[in-house]
Amino acid sequence: MNGKKGSFEINIPSIPKAKMPGNGKKSSGDDTAFFSCKVWIWNVWEFCKEDSNRVVFSLKVGLAVLLVSLLILFQAPYKVFGTNIIWSILTVAIVFEYTVGATFNRGFNRALGSLLAGILAIGVAQLALSTGRVAEPFVIGISIFLIGTVTSFMKLWPSLVPYEYGFRVILFTYCLIIVSGYRMGNPIKTSMDRLYSIAIGGIVAVLVNVLILPIWAGEQLHKELVASFNAVADSLEECVRKYLQDDGSDHPEFSKTVMDEFPDEPAYRKCRTTLNSSAKLESLANSAKWEPPHGRFRHFFYPWSEYVKVGTVLRYCAYEVMALHGVLHSEIQAPYNLRITFQKEIQDATTQAAELVRSLGKDVSNMKRTLKTALLKRVHSSTEQLQRAIDMHSYLLTSNYEPSDSSKPLPKLSHTLSSTLYDLSNQLAELDKTDLDQTLNLTNQNPPPPQTESYHEMMRKQSRRLHSWPSREVDAFEEEGSFSADIMIPRMKALESTAALSLATFTSLLIEFVARLDHLVESVDELSRMAKFEHEGL
């Protein structure tokens, strides 16, 4: 009661009130931490699920390090090698690579570098001992300077770049052996113990990598090349399909689309990965050369370099696909009705080309050698039809032709592939005569509103960029100053013609892609011949 009749005063303690926000924040923080941990676990799971060999590789490295560490943990081997046995652990950590071929390559560089460094260290140590205690440190110091200079220069030599790690091993192994031998007083014993430890580590790394679920660089290279074929074919079909279906009604900003890396085009990202796969293919090919015959690759001197050559030709085809993708997202766009006018010819050429690329990838995957004569003929035939259609209807790509309806395909000349030039000229003559008669009839009647006004009305109604470039509307041209109709209309027609020529650019890039397929077929045939693929006639 607060002294007034019929009223009450409720006192709320301050302590519970202070605790409530604190408890809420703690709960919110716990939820956030739990959610972040859950997201991280999910990302790790997806990363492992994408390539299970990553988990296998990690477990094998842990096993190899454990086996070498037992030499230190047990007393008997530790008495034999002493503290030098720790070099075995360093060798395993350095030599153990993802693939068997890379491990052999790294192990060879490690073994050869350590052997040369041990021989040099023993020789220089004996020379330093013969000079006396006063001159000994100077001899050792000068030798370290010379070894560091020579090895650092040699690993930069272009032909010796693959052995760069070997020169690095020579440098640090020599320095460690010569300096520790000088302090311990017995460089020969120190060198031999460390060479034994390095050999033990290298042998353990190689045996574990080869005998327990081996990951072959040759298999990785083979799968990578096959995936590149499928990526190029998928990206080509995706790009052409979007180009023919896009009517411009929902065209996002190019800058936003680039920042999002084209989320609605998954095949594009795969094709871009193909363009960036040059270094990966070369690295896998160099590692595969060190691997013994295995699996499906059962003969010596397998032509791994041919895989790199095929990948190079395939990338040149992918360049054309990326150029088509650039036209798809360019600021200059051909009208939708002009694109669908040649829809059948473009789709046929695209379908046949993608089928040929997939067929080549399937042959490489199955290691079969098949004849591609029939597929090549169909590809060339569909491309010739596209070329013929563009040539016969090139008048549609000029500014002199104005469509009446922008949502329907433009009229095309009735022709067949077997029509002669005489028939084509007659059709063009009849078309010109019809246009002339229509023009005369219009001039004899009451003149309709000027064509310029209807053109302006059409341009004002279009808020999206379909027929103009730069992307400004007609009002912007009128506000710039004293533009007369005689100046503005030709300028607008020129811009419209430029937009129409975008279709010619797209079709020429598609035809160039087909032309490069001939080189791709030749490179795959050369690979199948050198790799002795099983011959299978169609």
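From the backbone N, Cα and C atoms, a Cβ is placed for every residue, glycine too.
Model, not experiment: these values are computed from the prediction.
Here's what TrEMBL has on this protein:
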- 55-74: transmembrane segment (TRANSMEM)
- 86-105: transmembrane segment (TRANSMEM)
- 111-129: transmembrane segment (TRANSMEM)
- 138-159: transmembrane segment (TRANSMEM)
- 165-183: transmembrane segment (TRANSMEM)
- 195-217: transmembrane segment (TRANSMEM)
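Tallying C-beta pairs under 8 angstroms between the transmembrane segment (86-105) and each of 55-74, 111-129, 138-159, 195-217 places 195-217 first.
Taking pairs at least six residues apart, the transmembrane segment (111-129) and the transmembrane segment (55-74) share fewer than three Cβ pairs below 8 Å and do not count as touching. Count of Cβ pairs under 8 Å against the transmembrane segment (195-217): among 55-74, 138-159, 165-183, the largest is for 55-74. With a cut-off of 8 Å between Cβ atoms, the residues of this chain six or more beyond the transmembrane segment (55-74) that come close are 48, 81, 85-86, 88-89, 91-93, 96, 98, 200-201, 204-205, 208-209, 212-213, 215.
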